[in-house]
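Visitor: Please find one structure pasted underneath; my questions will follow.
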Amino acid sequence: MPKNSKAVKRELDDDVTESVKDLLSNEDTCDDSFKKSSLIVNDVSEDKDKDKDVEEASDDAEEVRPAWNSKLQYILAQVGFSVGLGNVWRFPYLCQKNGGGAYLVPYFILLVLIGIPLFFLELAVGQRIRRGSIGVWNYISPRLGGIGFASCVVCFFVALYYNVIIGWSLFYFSQSFQQPLPWNECPLVKTRNTTYVVPECEKSSATTYYWYREALDISNNISESGGLNWKMTVCLLVAWTMVCLAMIKGIQSSGKIMYFSSLFPYVVLICFLVRALLLEGSVDGIRHMFTPKLEIMLEPKVWREAATQVFFALGLGFGGVIAFSSYNKRDNNCHLDAVLVSFINFFTSVLATLVVFAVLGFKANVMNAKCVAENTKKIEGFLGNGISRDLIPHHINFSSSVSAQDYTQMTEILRGVMEKDYSSLGLDTCSIEDELNKAVQGTGLAFIAFTEAMTHFPASPFWSVMFFLMLVNLGLGSMFGTIEGIITPIVDTFKVRKEFLTVGCCLLAFSFGLLFVQRSGNYFVAMFDDYSATLPLLIVVILENIAVAWVYGTDKFFEDLKDMLGFSPSRYYYYMWKYVTPVLLLTLLGTSIIQLGMTPPSYSAWIKEEAKEVSLSYPPWGLAVCVSLVVMAVLPVPVIFLLRYFNIMDDSAAGLSAVSYRKARIIKESVRREEDDDDDASLLNAKTPSQAPSPMPPNSIYRKQSGCPLPDVNTAPNGRYGIGYLMADMPDMPESDL
């Protein structure tokens, strides 16, 4: 549980006397609390070893910043945020689509070139500045403060539809306590004279019908609202209630839940893998996955999709990574964290892919066996009436089940003898490879393909409960980080009560989320998934990279890292941040824009009468919504830049108080203009610097200012509210960095 402590005030030694300029330009690098607005010089012992921090008894003491209870809790929070639903239903699809095992090569290369450096960068700035995304980028450059607001907007958009997916998983979870499972077979319609299968289900499949008709009750297109789906509305309310209760105390409450929500999915994945390996055909699926198609690996599209997946798999740009790391101790080894979490994410994706392909291999064998049985009945009907009994191998007995090998042998003989007449038999193509090549992703994998496979599992309700409980936990882990990416920056910037803000945010999101639980809601989920995050997040991360590497300066950032970590990171990161990663990100942004331009906006609609998906173009108002999502997400960046460029918004307007830090704790200081005169008077009682050593260690990167005018005590030396370490006035440091 995060530790709290009262704000402290430093008692200075009577002999420690420095000029006003020295006192205002330095902060103790041992992170002793430095309270500029109420600094008091008292008569104490001359021995500097007796300098100590005393608790402030004043009622004005502010609440300190919470911290993680343990390193494990923090790592689980970052893993829970980065490992999400995409690892289970997006990565396996890309692996299947882009060359099987060969896809792992470009993915791993881009993880090293893009993923780990950018993940390390976000962890480092969050831990160094110890604020949310808004405060971090305001600190680095006020004109780039819009980056933090853009991150919050994207987080809100993603949270709106992401929690709907958790609601879907909760619905399936609640329906899994039945034997047989409700999507096991098509429902029957009984009349006075006949009983028949529902036509929509007969034309598709039991699991497909259950998903589109029973769960979503989907309309034929996005323009047909159809009203609210009350079942999904209740599930969405439950999902937001869970998120609100878990986040209402910040990391104090969500941190404890991480132990379960982050670890439980691994237990389920391992159980599924062991169970699937014991099923017939699972090896076929795994073999299909690891059979490399090297020629596909050379296509640019494969590398673009691998880079996009790396980018989103780690949750870059959302602000959740920065928010979580801001609660760390200042000397935490964030470099180790970045490498560890990135590789955990990669191996989780590989583990999930093994599970998915093992299960799909079993499903492919089941579907192939059904196809063989149906075709065998057709061939048996043609015996003596178009097919001679002599053409059938003698060891094949139609009275018993025909194996896939015997069926293949029989059809090859018939095809060779009958030639053109073979097609008149009307036999379906039965192939395990063809079944495995049917690429499915997203909801199609989780709620259709996987659920169908589980109906063939022994004790299928148990596995269904485990699977959808895993999806709920994966979703909640990502939601915690997403909501933290909204709450933490706003609390840090506007000083509101976290409990009230969390409840208000969840209520507002639930209200907007009703759009997604209409009968046409699934189409809006697809729209937000395609357009609300992809381009905006790419732009946000590019600006983050430029802000740190070129505005703040890579050299100064390396000095900060050395001060935090106790060692200087590899120069590899220097060249990655300054040159390689920006170029790769700009290339990815360009190719993504070209891809969107070449592919007109469309969505897959379920047509009830035809019982199949059809690709439809968005109506004009739908195109306007798609464009608006992108524009609204990136709009804060140019707006804040222009407001501060033309001095319409003062650089210090974003801060409501000055803040100083002491390791894992934050001490907020109310800035009172009326106390300035008293503060200055108390500081002038100090003696000369020569009578006492400087509190700054000689090897510190925070040096005393010299020859600078007395700054306003309300602001940091650069003219905006300070949020931590008072930086020295270095000759090579641009004004925006100070």
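Using N, Cα and C of the backbone, Cβ positions are placed for all residues, glycine too.
Because TrEMBL annotations are produced automatically, they should be read as predictions rather than curated entries.
A quick note: this is a predicted structure, and the numbers were derived from the prediction, not measured.
Feature list, courtesy of TrEMBL:
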- GLY80, VAL83, ASN87, ASN345, LEU474, SER478: Na(+) binding site (BINDING)
- 671-700: region 'Disordered' (REGION)
- 74-92: transmembrane segment (TRANSMEM)
- 104-125: transmembrane segment (TRANSMEM)
- 146-173: transmembrane segment (TRANSMEM)
- 228-248: transmembrane segment (TRANSMEM)
- 257-278: transmembrane segment (TRANSMEM)
- 306-327: transmembrane segment (TRANSMEM)
- 339-360: transmembrane segment (TRANSMEM)
- 462-487: transmembrane segment (TRANSMEM)
- 499-517: transmembrane segment (TRANSMEM)
- 537-558: transmembrane segment (TRANSMEM)
- 579-598: transmembrane segment (TRANSMEM)
- 618-643: transmembrane segment (TRANSMEM)
Visitor: Looking at the transmembrane segment (339-360) and the transmembrane segment (579-598), are there 3+ C-beta pairs under 8 A, with each pair at least 6 apart in sequence?
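Guide: Since fewer than 3 Cβ pairs under 8 Å link them, the transmembrane segment (339-360) and the transmembrane segment (579-598) do not come into contact.
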Visitor: Using an 8 Å cut-off from the Cβ centroid of GLY80, VAL83, ASN87, ASN345, LEU474, SER478, can you name the remaining same-chain residues around the Na(+) site, in sequence order?
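Guide: So the extra residues in range turn out to be VAL79, PHE81, SER82, GLY84, LEU85, GLY86, SER262, PRO265, THR348, GLY477.
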Visitor: Do at least three CB pairs under 8 A connect the transmembrane segment (146-173) and the transmembrane segment (618-643), leaving out pairs fewer than 6 apart in sequence?
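Guide: The transmembrane segment (146-173) and the transmembrane segment (618-643): touching, yes.
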Visitor: Output the one of ASN87, SER478 that, of all these binding-site residues, has the highest number of other Cβ atoms within 10 Å of its Cβ.
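Guide: Of the binding-site residues ASN87, SER478, the most buried by Cβ count within 10 Å is SER478.
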Visitor: Find the member of 146-173, 306-327, 499-517, 537-558 that has more C-beta pairs under 8 Å to the transmembrane segment (104-125) than any other listed stretch.
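Guide: When the Cβ pairs under 8 Å are tallied, 306-327 comes out ahead.
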Visitor: Is the count of Cβ pairs under 8 Å between the transmembrane segment (146-173) and the transmembrane segment (499-517), pairs 6 or more apart in sequence, 3 or more?
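Guide: Contact confirmed: at least 3 Cβ pairs fall under 8 Å.
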Visitor: With Cβ-Cβ distance below 8 Å and at least 6 positions apart along the chain, what are the contacts of ASN345 (Na(+) binding site)? List them in sequence order.
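Guide: Result: VAL79, SER82, VAL83, ASN87, ALA313, LEU314.
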Visitor: Using the structure shown, find which entry in VAL83, LEU474 (the binding-site residues) has the sparsest Cβ neighbourhood within 10 Å.
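Guide: Comparing Cβ neighbours within 10 Å for the binding-site residues VAL83, LEU474, VAL83 has the fewest.
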Visitor: Are there three or more C-beta pairs under 8 angstroms joining the transmembrane segment (257-278) and the transmembrane segment (306-327), sequence spacing 6 or more?
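Guide: Not in contact, no.
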Visitor: Using Cβ atoms and a strict cutoff of less than 8 Å, what residues sit near the transmembrane segment (462-487) while being 6 or more residues removed from its termini?
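Guide: Counting only partners 6 or more residues beyond its ends, the transmembrane segment (462-487) has Cβ contacts under 8 Å with 77-85, 87-88, 132-133, 151-152, 155-156, 158-159, 162-163, 165-166, 169-170, 172-173, 176-177, 181, 242-243, 246-247, 250-251, 254, 257-258, 260-262, 264-265, 268-269, 271-272, 275, 315, 318-324, 446, 450-451, 454, 498, 501-502, 505-506.
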Visitor: Compare 74-92, 228-248, 579-598 by their Cβ pairs under 8 Å to the transmembrane segment (257-278) and return the stretch that comes out on top.
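Guide: Result: 74-92.
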Visitor: With a Cβ cut-off under 8 Å, give me the same-chain residues at least six positions beyond the ends of the transmembrane segment (499-517) that come close to it.
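Guide: Distal contacts: 156, 159-161, 163-164, 167, 228-229, 232-233, 236-237, 240-241, 243-244, 247-250, 483, 486-487, 490-491, 524-525, 528.
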Visitor: Going along the chain, which residues six or more apart from GLY80 (Na(+) binding site) have their CB under 8 A from its CB?
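Guide: Non-local contacts for GLY80 (Na(+) binding site): MET258, SER261, SER262, LEU476, GLY477, SER478, PHE480, GLY481.
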